[in-house]
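J.: What TrEMBL lists as compositional bias 'Polar residues' is 330-344. Under the heading domain 'Phosphatase 2A Regulatory Subunit A helical', TrEMBL lists 72-301. The domain 'Putative WW-binding' annotation in TrEMBL covers 363-419. The annotation region 'Disordered' is assigned in TrEMBL to 322-361, 387-418, 454-498. Taken from TrEMBL, the feature repeat 'HEAT' covers 194-233, 273-311, 751-774.
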């Protein structure tokens, strides 16, 4: 009989049966010894498989327990690989048992089991090694391995296996396991023990498999060791991997580029990583280019800075407005949604490592000076450059409200400064040309200097060429940004303020993702990737630079592929948070309206976040959608019940956005229609919607509308010829009481009599919910316990009658103690 056959045929047999008294007159420990070291391999396999049960048998006696652990240690040296593999599979379970039941767990585990795991990492049998690697990861995930054991026992073995002289197979496996365990270790352990070896492995010239594993896990190492070690030790290796001769390694680098970028300073990100990324996006391999374009939006999102976007992430990942962020970075004027927040998709990076420079407590802290070398004081020269005639007062007021990271008109307009004044500022900035932001300023000033040297009209008016620097930033041409290389613009005013946010070449490449040629030469799904990352790119650029993305967004919104439009539909509410109410009303509402009339696959995207989008609109614009909510009742496929379920869930949230009159006139009819849906899941969520509407009416003091609605519910449900309708009435009554939707005297007068009439319903499933509502909710209300309550006696009589009901379930719920945990009645519905 084979080992596998035994396991499959004898699941009901206790594995530790070999410990039972037989004809050998041995003690249980003696029998364990006998079978653990039997000449029969099958016996040894059975013992290995049952080790956890064996430990349970002997866990009460300390001496017996130690004897079993020593037997385990000796069994680990078994010459049969299947025995060793079986034993190692039990190690995580044994470790968990020891952790839960043994006060001296750390000592016993470290002494007996950890050495086995470590030794098996170098086992000659492939299956045993794989089993030990899996066990090691489980132990780390469960937090069962101490830091001392990792540093003194596990890491030394990994370092030994990754030596240049190590066997190739062992080395490749050890690199893989090292990269997996690194995410579960502390920064200090990784930095001091594993980082130097990882850097060496990145340059392994003999084994491309090693370099590939390193490239695939490069981002994790950067995230753990932090900015300083990343820039000092890892960046040179990353550059080498990005130019590796194998396209698979370069592709892996492109895929982890965002994580690497998150671990660097803004200047390294701009000056070093951006050109490196451009080389990947222009790679000769289509697969590398494809991976780079997929990562492009995420990489751009790492440039986001709360001080310039006007938005920041909360601890739970929500994106919200920043008001009075600090004295140096104020929120954008005219765009304030202090009351809302929205969850940003994966494409928008929660860049905590880089934004913490600006999240501070000291109001005098300036993040600009935090990571830059001190710059010269040129405030005097800037005042000269910005000096204007009295007639320009109105224009000066507009400049004061100009968002950060937009290029000031005073720097681009030669009529406002002389050549000497501009040259003086340039001279002050020259010693700091290693700063990428200074480089961008110098580009602007150089263009202004060249323009100032041209002859200007004597009457003081500006020529068309002189006006262009001020106006061209308002409507940049996508075609121009796609065809003009960055280097060719050094002597001309930039066409967009985004040069101060992200490198222009990155934006050019991102905007080109909607080019049909890209789909042919790179990836047929490239437009979808562009759409997926657009909220992150928009967040990075900020509202002041939305004009750079507007055309691209409209192109994506009209893409022939419904998957592209669906992606935008699912994130349009996030984009609305980023853009603010004015831009949303102007640029997003028309696209939103188009999505409402699209395929169901696209409509579901806006429906799932309908509340999130509507709450960002002004009240008058929001009210226009009351007339369109009914359209969601119609779907391409009537069997698509989840669409109607989602509508009911959204309407429960949307109720708060409208007046009680609008709720009564528009949402009430939709709710009642959904309550009659063919699918039970839709009906039951709709009953909750009905209760919310009723609560809205009474909360707003509109008792007359509330009474009208109650009468409508009574006719439609309580007197419904189908038992599911009558059952729904009982459910609604219970929910009304539990949610305190209306005064109890009003409930007693208008709903309770109809509910009590259902206590004698011929259908048991209706009586079950009546009993449940009366016993668990209504009779527990203080109102019905007060002396003199007109309905207390009738309630008692009804419940007593239900307690004698012929149906067992009805009797159970009528008699059940309301303080006990409630039984789920879903199977009865």
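For all residues, glycine too, the Cβ spot is worked out from N, Cα and C.
These numbers come from a predicted model, not from an experiment.
A description of the local structural setting of each listed feature is requested, covering burial, neighbours and distances.
T.: Taken as a whole, the domain 'Putative WW-binding' (363-419) shows an average pLDDT of 41 in this prediction.
Residues 710, 714, 718, 723, 726-727, 729-731, 733-734, 736-737, 791, 794-795, 798-799, 801-802, 805, 807, 809-810, 813-814, 825, 828-829 of the same chain lie 6+ residues outside the repeat 'HEAT' (751-774) yet bring a C-beta within less than 8 angstroms of a C-beta in it.
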J.: Quick check on the repeat 'HEAT' (751-774): DSSP residue counts for helix, strand, coil, in that order please.
T.: 20 helix, 0 strand, 4 coil
J.: By DSSP assignment, list the helix, strand and coil residue numbers for the repeat 'HEAT' (194-233), in that order.
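T.: The composition, in the requested order, is 34 helix, 0 strand, 6 coil.
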J.: What is the three-state DSSP composition of the repeat 'HEAT' (273-311), stated as helix, strand and coil residue counts?
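T.: The counts are 29 helix, 1 strand, 9 coil.
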